[in-house]
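According to TrEMBL:
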- 13-283: domain 'Myosin motor' (DOMAIN)
- 106, 107, 108, 109, 110, 111, 112, 113: ATP binding site (BINDING)
């Protein structure tokens, strides 16, 4: 449970811990969340559980100064924040010498992917000299490119579940294993209206050098049946070419050789070409 300390509370900011609401019912909970959201306060506690309301934009509340503010502090000592949860799990693990789990759940578009990355960034920030952490963070764009897609509800929806195990030695991150499951394989061959296939296909077509595209016999995204079923192949505010460059950078940090990268893009190109193969009954 959060440790309630003497801090100034403003009534217009709502209640930070909803176990302290005078009347606990659905309307009261939603009203409190709305009141805090209108004040750009996207985090609220329910005991030791953190509720996050996705603002669909990045607030300036994740810098190094905020990391230091929550580092080593008890839950509830400062306003609700994702870093407070990450710190609580880390501190409990160090004190009790027991494994800890942070469960991040919610419906599509609620911000699970970003929350996961922020927790990892917090762990990296408190031990910024940990080299393996850089590789763990760089795995994120790789997973997003191959596992995320635009849906009618979310432009960057994770179409798979993931379980990340982070290993520490003497409190310093030494490695991690990411397990993925339940990948939506059917999306490769079919997308509903206003949806896209996995990001990687569009990023590859937008970012590959023209000479390499010619080597794979690639054309624009609109040319391919596996990419054009949903309609518009672009996402407003997303640069597939820039994301492809970030993907290549992540691959290099994760020690993908040029041969590995070429083989991956060759397989992806083959999938697109196979999608344009049609069979006709011969009379």
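Backbone N, Cα and C define each Cβ position, glycine as well.
Locations of recorded TrEMBL features on the structure.
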{"residue": "106", "record": "ATP binding site", "Cβ neighbours (10 Å)": "12"}
{"residue": "107", "record": "ATP binding site", "Cβ neighbours (10 Å)": "8"}
{"residue": "108", "record": "ATP binding site", "Cβ neighbours (10 Å)": "12"}
{"residue": "109", "record": "ATP binding site", "Cβ neighbours (10 Å)": "15"}
{"residue": "110", "record": "ATP binding site", "Cβ neighbours (10 Å)": "16"}
{"residue": "111", "record": "ATP binding site", "Cβ neighbours (10 Å)": "18"}
{"residue": "112", "record": "ATP binding site", "Cβ neighbours (10 Å)": "19"}
{"residue": "113", "record": "ATP binding site", "Cβ neighbours (10 Å)": "20"}
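Taking the mean position of the Cβ atoms of 106, 107, 108, 109, 110, 111, 112, 113 as the ATP site, the remaining same-chain residues with a Cβ inside 8 Å of that point are 54, 154, 157. Confidence across the domain 'Myosin motor' (13-283), taken as the mean pLDDT and rounded to a whole number, stands at 94.
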